[in-house]
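Each remark here refers to the structure printed beneath this line.
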Amino acid sequence: MSGQIVLVSTALLLLQTAAGATVSDGGDHRNRSSPDVDIVDRFLHYVEEVERNKHNCSAGTSLNLGEGVVLDYGRKRFRAQALVAVNRANFLTRLWKDNIPNIVDSEGFFFEAVRSMVEADGALFGAGNCYAEWEFRDHRLFCPYAHRTEDGMINVKDLSVEYDYTGEESEWFYEVRKNAMERSRGNVTIGLFTQRYNATAQGEPVEESSLLVSYEDGHWSLPYFDCGGGNIWMMTFTVPVFGFKDDSYFFKATSGIDIDLRQVDVNQCANMSGEERNVFANSHKCKRDTTKCVPISGLGFKVGSYRCECKKGFYFPDTTSATPYYNGTDVEQHYKRKKSGVTNDYDKSFSCLRCSPGCDECIDDRPCILEWDWTLRTGVLGAQLLIVGLIIPVLLTFTFKYADVKVLKAASPVLLRLVLLGAVLLYCPVLVAYSPPTVITCTLKSWFREVGFAVAYGALLLKTWRISVVFRVKSAAPVRITDQDLMKYLLGIVLIFAAHVAVRTIVDPPRVVTSRARGELKTVQCPSDWWDHSAAIGELLLLVWGIRLCWVVRKAPSEFNESKFITWAIYNETLLSVFLNIAMIFLQDPADPDVQYVLLFAHSQLTATMMLGLLFGSKVYMIYKCKRSQDLPQTGTTTTTQAKSTPASSASGKFLLTKKPGQQLQTPIEDWILADSQIPLNTELNSVTADNGPVTVEVEVEQIEKLLQNVKERCRSSQDKDDILRKVEAMLDAGGSAQEPSHINNGVQTTA
């Protein structure tokens, strides 16, 4: 007897220690009283210790595992078996209410009734019908009980012979009896019964009632060791059976079923929020940094009833395995070896490998993000930097060095420098798009593109607009539009585009999105949205206005053909911008950042670089050709100093002729033409040669008269030039009536 007391005391101590262990609710760290002793090991040690000494245990159900061992999902798994006990309880309640003597007095009937319950369901370990004191005939206690034996047979016996089950230690009976009176005022069903008299006659249907119990009226016990009953760890579901006396129901017995604890799953995975207490929660041995615990149902009350699956962002090392996870029993085995100091693979195995960068999920180490062609991108970046760092400074220096040369002065050096500034800004999107996009780089691309476009093409269009105004003027008075006027208008255009980008930056800044590239690989990009489309529409409207201006000035005579080059640049930008915007829409899905980058570079070269080539190429060529033919000074000379020039040098010199302060080489009409930067001087007037000696005032007047005669003939062939014709005829009449050479000196001053 003392040995039994020691066993029970030891078991209870182990149970209290295990039940008192604190586990986290789904965290990654366990908080146990001893880090070297696992909570599952404690329970299993306790269970094994009791089973090993089951033949020396004290009969009864006092040894239990406490709360939190069997979860609600385990009970729900055996709900169907529990309903068998509910059905049998309602049958027995009717039986005792009717109190048919030949049945209620037959012990054999009740023994066979519990046997049939166990035989009907293989998941049942046992079934019983235990009565309260003196509620079955003259027996103090009576409990027909059937259970399975180790050899698979069903043993039927009276459990009351083994032990007294009416005490508090027998929770399965005590709790049901305590709450039975509340159930006795529960659901009463009313039906009809027709009494049979003989083979040919029966009575009228008679109304009868019976008290019913449901699954919710039952009670699941704590897992306990049934010493003297089935001698195993089990849990019991019981519901009350009622007797009927003096028109009222009272507690009479219980109807119950037993479930072998070995059929109940152990959930060692982490508790989810809101779940019931689980003493085994978070006791799994999965490597928590790369794997997660997934419980496996149906394995019974044993350790390792789970598998370690790879977390999101990791993959199973054996990519060819049909079961890409680690079995919990293997993990537990190697963990136990590690704790015992035996050779094991726990530390070097049972982990998953991290997916390639950018992969949300993967099954191997294949990349999920499209690898950029950095060699290609670096080459493109180098070419762009070469243009920005070399060609732009050279052209800028060119505008300063030859600012007084007529070919540059007529084109307005200030506006040319603004075009260069705009071109630099148009090159910048290629520079910022070199690295992976961010919100900042996406925003900078918008600013550089729109402001650069407004500066560069705004300056070109305003130059063209000035030509159109001068060309279409019908008044004899000269129309002067200065560079300062054009810069004011240009500022307005730039502010409009900048305001659009500023509002976009504040209200809906550009964002970086992940897109699918070729082969379902992911890549990041700055997507085009309606802000970009509206900006493109604004650019297109400005270019359409430019096309109209180009059409207006298409027949305007131009000494240096600048208006023609500007027209080509505007047409080129319009066509390529429309193409690029359409192409970018189709290149976003599937996205290819390298193709987009090359296309962005090509667009900047075919538009901005082409614009600079058209605008500056002819000017550089003219000056280079002139300086090569003859080293002429960059400032203008008088016609008398060119008396010994060759015809070739004289013809080239017209691009370098300028007017220094104090000189009066050009006539007033020439000054007016030069101020408007485009309307050409007559070649014969400007390109005087020195083959016949010094040019006199009389020769110059003669040339002016010839020029006016030429204009007069052209005006006569046109119906809408009557006003100009009258003015030219008036000028010729005034020139013909002049008596003194000094009369011309108001227009052209001779040189010494």
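Residue numbers in this text run from 1 along the chain shown.
Using N, Cα and C of the backbone, Cβ positions are placed for all residues, glycine too.
On a predicted model such as this, the values are computed, not experimentally measured, just so you know.
Here is what TrEMBL records for this protein:
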- 1-20: signal peptide (SIGNAL)
- 381-402: transmembrane segment (TRANSMEM)
- 394-623: domain 'G-protein coupled receptors family 3 profile' (DOMAIN)
- 414-434: transmembrane segment (TRANSMEM)
- 446-465: transmembrane segment (TRANSMEM)
- 486-507: transmembrane segment (TRANSMEM)
- 535-553: transmembrane segment (TRANSMEM)
- 565-586: transmembrane segment (TRANSMEM)
- 598-618: transmembrane segment (TRANSMEM)
- 633-654: region 'Disordered' (REGION)
- 635-652: compositional bias 'Low complexity' (COMPBIAS)
- 733-752: region 'Disordered' (REGION)
- 739-752: compositional bias 'Polar residues' (COMPBIAS)
(message) Give the nonlocal contacts of the transmembrane segment (486-507) in its own chain as ranges (CB under 8 Å, at least six residues past its ends).
(response) 412, 414-415, 418, 443, 446-447, 450-451, 453-455, 458-459, 462-463, 466, 531, 534-535, 538, 542
(message) Cβ pairs under 8 Å only, please: of the recorded stretches 414-434, 446-465, 535-553, 565-586, which one is richest in them relative to the transmembrane segment (381-402)?
(response) 414-434
(message) Quick check: do the transmembrane segment (565-586) and the transmembrane segment (598-618) share at least 3 Cβ pairs under 8 Å, counting only pairs 6+ apart in sequence?
(response) yes
